[in-house]
Amino acid sequence: MRTEYCGQINLSHVGQQVTLCGWVNRRRDLGSLIFIDMRDREGIVQVFFDPDRQEAFTLASELRNEFCIQIVGTVRARDEKNKNGDMATGEIEIFATELTIINRSEPLPLDSNHINSEEARLKYRYLDLRRPDMANRLKTRAKITSFVRRFMDDQGFLDIETPMLTKATPEGARDYLVPSRVHKGKFYALPQSPQLFKQLLMMSGFDRYYQIVKCFRDEDLRADRQPEFTQIDVETSFMTAPQVREVMERLVRELWQDVKSVDLGAFPSMTFAEAMRRYGSDKPDLRNPMELVDVADLLKNVEFKVFSGPANDVKGRVAALRVPGGAALSRKQIDDYAKFIETYGAKGLAYIKVNERAKGIEGITSPVAKFLNAEIVESILQRTAAADGDLIFFGADSAKVVADALGALRLKLGRDLNITNGSVWAPLWVLDFPMFEDDGEDGLTAMHHPFTAPKEMSPEQLKNAPETAIANAYDMVINGYEVGGGSVRIHNGQMQQTVFGILGITEQEQREKFGFLLDALKFGTPPHAGLAFGLDRLVMLLTGTDNIRDVIAFPKTTAAACLMTEAPNFANPASLTELGIEVVKKAKDRPSEND
């Protein structure tokens, strides 16, 4: 039906007859001429109708926005004065000789000239996707997946599919369950990741595996989370952690070069402990130069228990955050930031405004100055490298609260005060995570997942001191987003059972939930390691949006609902009966007597 795409016509086509298919993006009737901007997935081209072609001209008078049409016409070069530098096709236009209205359109429920609510955009997603910026994001996504496949194929990786209907295993989030009609009372789980299957593939001898795969997690959503998401899943045998990181870093560097023409350079690395100490985050945004600076040793003896208490507590921390130019902040702005960090458990936000650095304590303004002497103030100013016009915020609490609160404040200040350099890319590797973390109930939980190997520990050493274990794990972070995470896996049955035991999984539960894995580990398992990238996050970064729903064709809301199809919905009672399922309403869901 077409010979060219609208957005691909240029001066080389001048004089040629073309057939185009697409939509009316805009129509202008000048009386003697009718102009339309015609749009398809590749872009927009100007088409004009002349009364000399009476049939086409008369039909063109009926055109309205979003009519689906086909035109036949001749490509002409525009006069110099009529060229449009804002359009990729602005040097040419089409003189239409034939017009077919394929389908008419009712007035759109979306306004192309204004910002529509996200609810309206998701309800009419098929119309929202007609917008060039949305179409371009999905085209970029397709380009990314094509690039990844070529790269992985060139590196000798095999694209192998793993099951969608599998067994529920504890991986940190709730599973989406699928009832079995054949096996009454039993359920499949949709995979949170292909983790165990890709490890089993290593045991099968497929030493380089990858897959671009859907994963499912029934968890509370955020701007960068969806209940179903896509991973670039990778696993290797007989490769060390540095070797895995080298290949995956090369993939990302070449991807950025291909899509953005940007050289990311070699990725720096830092340990989890360093990242938390300096940035209050295990995924630090290095575009922001501000850092947390420990000052507890300077404040142990002050008569201000808010400082001295945490400073003398082995689990406490007192840290300072210097804000360049922050002395210009008003009291209300500071109070707003204090309220902001309450979300992270902080109870207050002490500060020092540096008016004249050379004057020491005489050159500052601070509500806590009365608790500090000149020597302490000078040490704080020196350690934080404060200058005239700066502001220093303090966090004093448990180490976790200080890291969480000041880490979040650092990011917010970076955005609010334009301290974060939005024109650069800042990738890094974060290494050496703790293997376990406190679950809040006198137990431990795996920081990554229970199949991650510890660094340089025997099963007996791990069992005796699990809280000291460092995981052989690594995360790739770009501009404050964790875009990929991986680890060396456990390939020893005794070590795997030891980890399960530390996590409180009984031997009976181990057999019930992971018997197939424990059996497989008995048969010559190779050392293996891998990584998974969040494809949606990669596309989000590469297309310059901060909302993951912008890079998924048909996403869910933050309530995990599809406004377009109205999923989820109630199941047919007959289907539930066939599955042996009865829906039991909770008391709060039942209608009251007054309803």
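The backbone N, Cα and C atoms fix where each Cβ goes, glycine too.
Neighbour count (other Cβ atoms within 10 Å of the Cβ, all protein chains): 20 for His448 (L-aspartate binding site). The L-aspartate binding site annotation in Swiss-Prot covers Glu171, Arg217, His448, Arg489.
What Swiss-Prot records for Arg217, Asp218, Glu219, Gln226, Glu482, Gly534, Leu535, Asp536, Arg537 is ATP binding site, and it gives sequence analysis as the kind of evidence. Cβ contacts within 10 Å of Glu482 (ATP binding site), excluding its own Cβ and spanning all protein chains shown: 17. Annotation note: Glu482 (ATP binding site) sits in a strand segment as assigned by DSSP.
Taking DSSP states H, G and I as helix and E and B as strand, the region 'Aspartate' (195-198) has 4 helix, 0 strand, 0 coil. Among the features that Swiss-Prot reports, region 'Aspartate' is placed at 195-198, with the record citing sequence analysis.
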*So which residues does the region 'Aspartate' (195-198) touch in its own chain, when a touch means Cβ under 8 Å and the partner is 6 or more beyond its ends?*
162-163, 166, 169, 171, 209, 211, 233, 235, 449, 451, 514, 517, 530
*What is the separation, in Å, between the Cα atoms of Arg217 (L-aspartate binding site) and Leu535 (ATP binding site)?*
15
*Report, in whole Å, the straight Cα-to-Cα distance of His448 (L-aspartate binding site) from Glu219 (ATP binding site).*
16
*asked:* Rounded to a whole angstrom, what is the C-alpha distance between His448 (L-aspartate binding site) and Leu535 (ATP binding site)?
replied: 19
*Between the Cα atoms of Glu482 (ATP binding site) and Arg489 (L-aspartate binding site), find the distance and write it as a whole number of Å.*
20
